[in-house]
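Enquirer: Handing you this structure, nothing more for now.
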Amino acid sequence: MTATCAFDGSPLTAAPLNSQLAGVLAGLVFAGMIVLISVQPEPSRLPSGVEPGRRTEALVLLVGSFLALLMAAFLFGVASGDTSCARGRTVVLAAGGLLGLGVLSMFGGLCWLIDQYDHESRRATRVTLFATYFVGFIVIFYLSATVRGYVDDVGAELARRRPDWLPTVINHYYLPVLEGITLLLLLRSLAGQYVRRPRTETSEITVLVTAYVYIAGVMIAGVVAVQATQLDPARPITPGYFTFATLTSIGAPALALVMQLLALPTGRSVSVAPQGGDAGQPRPAR
């Protein structure tokens, strides 16, 4: 096992900056949670049959984001300055997925917050939804690049003991499949925003399950990182642990990403009132 990580452009050199970034984002999310809990919105007059955006959904997603970002900051800090390539890169691999998911969940909570005050046209909600899907694509590419680099660099230490099928799964299946699912969910969201039918919002169960998936992802990343800290020249990385760390670092974030995209508000506007009746009545002043 190589004692010193000498690869060019090693993610270990960026670990301190990523730790600071994740810590700052976690602080912002925590401050937003405090404001969301302490400030009660004024009752708003809504069209008949329209439910307001739900603040609880935003709070649930922000809790998941806070946990993911907090753990990411800690793991990046642990990996900072580590000269053991296998140990440091494995910890960074676990932290990278949490950083991407924490940012995505932060945007998911933002969607619900904006939806709280955007009841009729839903234009602001739709823009934020599109931005969230865009962030989802960025997270996919980030995770793919991180895992691919891990398999190529750390897997080189295993020489011929590295599973031959692992790079194929990552390069030819993981990225295209996850991109395809995200694209289908985006098209589903766009189609649902403009279909004229009674508005049915995302269920509370979906949002709650998403938060539990995030918590499970944080626990899995912690297990991977704890096992990685035991690696040293006397205890080199094994093919079994290498495969376990790789698959869990792509599987758990992939599931959390899909659940997060399913837990977004629909962005569907209020049905247009028919001509006559209240159609000509002026809207009450806000």
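Positions of Cβ are set from backbone N, Cα and C atoms, glycine also.
Copied straight from TrEMBL:
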TRANSMEM  20-39  transmembrane segment
TRANSMEM  59-79  transmembrane segment
TRANSMEM  91-115  transmembrane segment
TRANSMEM  127-145  transmembrane segment
TRANSMEM  165-187  transmembrane segment
TRANSMEM  207-229  transmembrane segment
TRANSMEM  241-264  transmembrane segment
Enquirer: Quick one: find which recorded stretch in 20-39, 59-79, 91-115, 207-229, 241-264 has the most Cβ pairs under 8 Å with the transmembrane segment (165-187).
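Expert: Selected stretch: 241-264, with the most Cβ pairs under 8 Å.
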Enquirer: Taking a Cβ cut-off under 8 Å, which residues six or more beyond the ends of the transmembrane segment (59-79) line up next to it in the same chain?
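Expert: Beyond its ends, the transmembrane segment (59-79) has Cβ neighbours at 12, 15-16, 18-20, 22-23, 25-26, 29-30, 32-33, 36-37, 88-89, 91-92, 94-96, 98-99, 101-106, 108-109, 112, 207-208, 210-211, 214-215, 217-218, 221-222, 225, 229, 260, 263.
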Enquirer: Report, as numbers and ranges, which residues of the same chain sit near the transmembrane segment (91-115): CB under 8 Å and 6 or more residues beyond its ends.
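Expert: Same-chain contacts beyond the flanks: 11-12, 15, 18, 21-22, 25-26, 28-29, 32, 36, 53-55, 57-59, 61-62, 64-66, 68-69, 71-72, 75-76, 78-79, 82, 122, 124-125, 128-129, 131-132, 135-136, 138-139, 142-143, 146-147, 150, 210, 214, 217-218, 221-222, 224-225, 228-229, 245-246, 249-250, 252-253, 256-257, 260, 263-265, 267.
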